[in-house]
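Residues or ranges marked as coiled coil by TrEMBL: 129-156. Taken from TrEMBL, the feature compositional bias 'Polar residues' covers 207-219, 254-263. TrEMBL lists 220-233, 277-300 with the feature compositional bias 'Basic residues'. Summarising the annotation, TrEMBL assigns region 'Disordered' to 201-300.
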Amino acid sequence: SDSGSDSEDSSLSDSELQEAFARGALKPGLNVVLEERTKRRNDTDGLKQCLAEFRQQLAWVERLDVTLGPVADPVSQSASTSDAVDPENDFQREMNFYRQAQAAVLEALPRLRKLQVPTRRPDDYFAEMAKSDQQMQKIRQKLKSKQEAMERSEKAKQLRAMRKYGKKVQVEVLQRRQKEKKNMLNAVKKYQKGLSDKLDFLDEEQTSSQGNKKGSASQRTKKGPNAKRRYKNQKFGFGGKKKGSKWNTKESFNDVSSFQSKVAHNKGPGKGGRGGKGGKKALNKRPGKRARQKMKNRAH
């Protein structure tokens, strides 16, 4: 039955389309049925009636509504307008809300006291906060992360600026070196062609090298011994004469107080005497191989 009704609707629609085409009401192309738009009207009377139904003539103590701007800033002694607040700055926006709430409290508390409405809660009164501690911790962490991200971005900007400045200085140094090199080559070419009889850059290099040598010599004279040398001099002294310290002098040559005849004539212990390890055994000792070879060579 459903398929039959669909076919009838389609046939009717086709017939209607054919009739419209025959009348010339259809144009070639895609044809869409346009629905009439609903006309909108400004019903001011109805709106005022709805507003009157919503409005309730209640006392202020039942409504407790206060509409005020932010309180004056104690630092600048001026109330900041809403236009001066940057909506992207979280701290400035929250501070504006805080000062606006402070102004509302300063306005509402005297009126409540005048109406003899208690504004302090009793000591045994307990109420949960609108936001839990976990949520406030999350908000604090989010604000902290945003602050750190802003600081990192500022540091990155400073680093980029420093790099740009460094590149600029480097380019200036390279340009100055290229200019000096070009001037030097021009001076050499002029000297080779005979247009100039001296090279200025060589004279400048000689004067600079002489100045550096003088400066280094003056620094060496002013510097003196280093800290390690001064410490050793303080600990061990400056020493004495090293070269020729074992040479004989007239006084040491004439001094015979340490002369020992037994030692000089091999009569002391260990020098070949009878009481020593030497003696006849030492005299009867067979000469070594090298000594025998020398004796043979002498004999021949």
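Residue numbers in this text run from 1 along the chain shown.
Cβ coordinates come from backbone N, Cα and C, glycine included.
Assigned with DSSP, the residues of the compositional bias 'Polar residues' (254-263) fall into helix, strand and coil as follows: 4 helix, 0 strand, 6 coil. When pLDDT values are averaged over the coiled coil (129-156), the model yields 88.
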